[in-house]
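Enquirer: The structure follows.
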Amino acid sequence: MPLPLVLTLGEPAGIGPELALLAWLQRSAEKLPAFYLRGDIELLRKRAAQLQLNVPLAEVTPQHAASAFPEALPVVPIGQPATAAAGVPDGTSAAAAIASIRLAVEDVQAGRASAVVTNPIAKSVLYQAGFAHPGHTEFLAELAASQCPDQRAPQPVMMLWSAALAVVPVTIHRPLRDAITDLSSELIVSTARIVNAALRRHLAIATPRLAISGLNPHAGEDGGLGTEEQTIITPAIEQLRREGIDARGPLPADTLFHDAARRSYDCALCMYHDQALIPIKTLAFDRAVNVTLGLPFVRTSPDHGTAFDIAGTGRANPSSLIEALRLAARMAAPARS
Ligand SMILES: NC(=O)c1ccc[n+]([C@@H]2O[C@H](COP(=O)([O-])OP(=O)(O)OC[C@H]3O[C@@H](n4cnc5c(N)ncnc54)[C@H](O)[C@@H]3O)[C@@H](O)[C@H]2O)c1
Ligand SMILES: N[C@H](C(=O)O)[C@H](O)COP(=O)(O)O
């Protein structure tokens with residue numbers, strides 16, 4: 001029996017717990033790979049009752065999760081209660097969310113699960129509790145360090161993937177001011193190398209076409225509207241092309257995402273978070289998947305957040321999580337064979 005995926009709890013007061021229930025209910029219709037939740041079974045029980053969802057739950061070990069999956073949503077404990085009501089994070093939220101992520105990564109590292117799929121966390125809730133990482137992406141890189149030859153955290157790359165568009169922000173969770181000062185040719189080159197290798201290895205794109213955006217309006221208009229294209233981005237593209245990577249640009253970001261433009265590349269590398277995430281969340285909010293590249297294991301996530309405004313109301317749509325489960329299984333498959 002193939003290894004199951006491990007799904008994290010996410011923010012207990014957010015929509016993650018109900019998405020897990022809803023995805024399990026659609027397991028046959030959507031032909032989903034087996035998964036188990038790393039979380040508190042009592043929280044799941046309460047959320048299922050609140051939403052009148054008839055989901056049998058089975059507290060199991062990871063080893064028994066795949067065989068339990070057809071009949072019940074398998075839940076593997078995290079040794080930490082999660083008491084938050086839907087929409088209202090409480091004192092248990094951060095500890096439970098962090099424990100779930102840590103244990104899910106341990107499961108994959110120990111060969112008990114094939115890949116990690118994360119439910120959304122509320123970053124501000126975690127920050128208030130002292131969480132020192134900007135998001136999952138950076139935290140997962142830290143947790144991966146023990147698997148890397150020199151015990152150093154690998155460079156994590158955030159890719160948002162959908163049938164309509166794939167994007168990568170070169171700088172990730174940074175205040176905009178800092179994102180601009182962080183930008184360097186080295187960062188663009190190392191990011192593009194990771195994207196190129198991952199698209200080849202995990203998504204069977206033989207020669208990925210990478211569109212590299214500019215930073216400034218009109219990609220700097222030959223230096224008249226900013227010089228980063230000339231001093232940072234173009235040298236990076238030249239280096240990538242010398243390495244045989246199909247990188248083109250710098251391309252003005254405002255004309256990078258219309259239909260014809262999107263057909264001309266496999267992934268757009270953008271210079272900062274919103275330059276990349278606004279177009280994909282506009283085009284494919286329901287279906288896009290957040291993938292962390294550059295880790296020694298596969299991690300995917302829905303593209304949306306905790307949606308406190310609708311948690312517990314029955315309005316949460318599980319389709320992005322369903323796509324995340326599917327993509328995780330697809331990306332983990334070659335690594336298993
Ligand atoms: N992977 C992650 O952990 C992740 C991703 C994005 C945002 N976040 C966090 O989520 C929190 C809230 O962020 P936000 O409000 O900017 O974005 P959000 O995605 O949580 O919500 C934006 C809007 O979309 C709606 N929405 C989101 N997901 C939905 C779904 N599955 N079905 C139906 N409607 C849905 C919400 O109700 C809200 O109106 C923040 O703390 C942020 O850090 C986490
Ligand atoms: N930047 C992501 C987004 O806006 O959708 C989100 O914050 C998730 O990031 P992590 O996967 O690193 O938590």
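Glycine is no exception: its Cβ is also placed from the backbone N, Cα and C atoms.
Not measured: the values here are computed from a predicted model.
Relevant sequence annotations retrieved from TrEMBL are reproduced here:
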BINDING   H136, T137, K281, N290, R299  substrate binding site
BINDING   H173, H218, H273  divalent metal cation binding site
Enquirer: Measuring CB to CB from N290 (substrate binding site), give everything in the same chain under 8 Å that is also at least six residues away in sequence.
Expert: M158, M159, L160, W161, T300, S301, P302, D303, A324
Enquirer: Only counting partners 6 or more residues apart, tell me which same-chain residues put their Cβ under 8 Å from the Cβ of R299 (substrate binding site).
Expert: A115, V116, V117, T118, H136, L140, V291, T292, A328
Enquirer: Inside 10 Å of the Cβ of K281 (substrate binding site), count up the other Cβ atoms and send me the figure.
Expert: 17
Enquirer: Relative to the Cα of T137 (substrate binding site), which of the binding-site residues H173, H218, H273 have a Cα no more than 10 Å away?
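Expert: Those near T137 (substrate binding site) - Cα within 10 Å - are H173, in sequence order.
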Enquirer: In whole Å, how far does the CA atom of H273 (divalent metal cation binding site) lie from that of K281 (substrate binding site)?
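Expert: Their Cα atoms are separated by 12 Å.
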Enquirer: From the binding-site residues listed here (H136, H218, K281, R299), select those whose CB sits under 6 A from an atom of ligand 2.
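Expert: H136, in sequence order.
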Enquirer: Going by DSSP, give the three-state secondary structure for H173 (divalent metal cation binding site).
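Expert: Note: H173 (divalent metal cation binding site) is coil by DSSP, not helix or strand.
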Enquirer: So if I draw a 10 Å sphere around the Cβ of H136 (substrate binding site), how many other Cβ atoms end up inside it?
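Expert: There are 27 of them.
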Enquirer: Within the chain of H173 (divalent metal cation binding site), which residues six or more apart in sequence place their C-beta under 8 angstroms from its C-beta?
Expert: K123, P134, G135, T137, E138, H273
Enquirer: Counting Cβ atoms within 10 Å across all protein chains shown, which of the binding-site residues H218, H273 comes out on top?
Expert: H273
Enquirer: Taking just the CA atoms, what is the gap between K281 (substrate binding site) and H218 (divalent metal cation binding site) in Å?
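Expert: With the alpha carbons as reference points, the distance is 22 Å.
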Enquirer: Can you tell me the three-state DSSP label for H273 (divalent metal cation binding site)?
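Expert: It is helical.
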Enquirer: I'd like the Cβ neighbour count for T137 (substrate binding site), meaning other Cβ atoms within 10 Å of its Cβ, all protein chains included.
Expert: 23
Enquirer: Please classify the secondary structure at N290 (substrate binding site) using three-state DSSP.
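Expert: It is in a strand.
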